[in-house]
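Over in TrEMBL, the protein carries these features:
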type: DOMAIN; residues: 111-433; note: domain 'PDEase'
type: ACT_SITE; residues: 187; note: active site, proton donor
type: BINDING; residues: 191, 227, 228, 337; note: Zn(2+) 1 binding site
type: BINDING; residues: 228; note: Zn(2+) 2 binding site
type: REGION; residues: 424-464; note: region 'Disordered'
type: COMPBIAS; residues: 425-445; note: compositional bias 'Basic and acidic residues'
type: COMPBIAS; residues: 446-456; note: compositional bias 'Polar residues'
């Protein structure tokens with residue numbers, strides 16, 4: 001599962017080869033398509049992942065290329081992908097929806113056809129903080145992100161409010177799910193589904209539920225579902241020190257988050273999900289989506305936390321103000337992104353092990369290629385318990401303490417209680433492991449002592 005280090009880096013000062021441009025994920029750094037001898041920008045923009053972004057001449061293109069050059073395991077078997085994509089089309093051809101049978105909620109038939117009974121029962125409790133996303137993913141045959149997000153759009157009535165085409169929405173969600181890398185132990189579609197479910201719990205909190213607009217809800221769910229889109233399974237410092245092209249593209253600033261955002265906008269445009277909206281509104285939504293995703297950059301954690309704390313100290317947050325609502329959405333997404341230590345132990349422990357596995361895999365690659373091993377990723381000097389205790393103490397707890405000040409509810413108290421119990425659980429596990437290691441070391445030394453005594457004593461007895 002080696003990724004990133006062996007990626008060929010496209011030089012920024014020479015043309016991109018035609019064979020790269022002709023495949024999914026080509027990327028250009030210039031507004032002049034003639035530089036590449038490739039198709040016109042208008043043609044390029046129709047390809048998957050192609051999006052325009054602001055530049056001096058307003059015509060530069062960003063087209064995702066990571067799928068072409070990265071070293072990756074085979075994707076989900078084609079047969080499974082076909083089943084996922086066709087399940088909705090089977091509904092369109094055979095359901096009562098096209099046979100003239102009226103229904104107050106035709107989406108209910110979609111859920112009946114696509115969901116097993118147990119998954120449907122779970123979705124009735126999707127706002128429960130104990131929601132087991134691992135079980136839900138198994139019940140939906142690996143389609144947790146698609147099914148959960150579709151259900152939440154339906155729950156909020158966003159499909160009707162924004163006049164979204166259901167086929168386009170379904171296709172968009174499938175593309176999102178498929179663009180998460182299933183070989184990543186942690187940053188995969190199940191993590192995105194878990195963050196989306198947590199985000200829904202926060203959107204239901206009284207202060208937010210009473211003030212958020214339908215556009216806020218739409219963007220909050222979209223940002224949660226796409227916040228780690230096409231994550232390579234390594235962190236930003238790794239991309240920078242290996243001269244990865246994404247680091248060069250985004251000038252070593254919020255590299256991954258910018259990529260997640262641009263990838264999300266690319267899929268939005270490819271699916272034409274929002275194409276019926278006025279251009280100004282659509283572009284504004286894309287910018288706000290980016291602002292939410294960029295807030296998940298862990299390197300800027302202290303900046304957001306300091307601003308949040310200042311707002312709370314001064315008591316100046318007013319959720320009738322659009323800017324303040326957007327800031328709270330940013331903080332909600334940040335909480336949802338790192339809420340695993342605040343889940344019940346059974347769920348939290350699984351996430352802790354998965355993220356540590358991903359860290360250690362990065363460290364293994366760094367060691368193999370004689371790179372400086374990131375301390376957090378060094379399996380020889382670190383453990384799951386050590387990493388989690390530090391993460392909880394220095395990253396999670398400070399954020400959730402402030403969130404509890406803002407939203408002093410039963411959910412906040414539950415999360416803080418779980419956080420305390422989980423931290424104590426990891427500390428106890430660490431103490432037991434250290435005690436066990438110490439005991440093993442002592443046992444290894446003891447036989448040597450006994451052997452030396454057994455030889456000395458008889459000699460002593462003979463000489464006496």
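In case you wondered, yes, glycine gets a Cβ from its N, Cα and C as well.
Structural mapping of features recorded in TrEMBL.
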{"residue": "187", "record": "active site, proton donor", "Cβ contacts under 8 Å, 6 or more apart": "180, 181, 228, 231, 233, 358"}
{"residue": "191", "record": "Zn(2+) 1 binding site", "Cβ contacts under 8 Å, 6 or more apart": "180, 228, 351"}
{"residue": "227", "record": "Zn(2+) 1 binding site", "Cβ contacts under 8 Å, 6 or more apart": "192, 195, 260, 292, 293, 296, 333, 337"}
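In sequence order, 187, 192, 195, 224, 231, 296 are the same-chain residues whose CB sits within 8 A of the CB centroid of 191, 227, 228, 337, the residues recorded for Zn(2+) 1 being left out.
In the predicted model, the domain 'PDEase' (111-433) shows an average pLDDT of 96.
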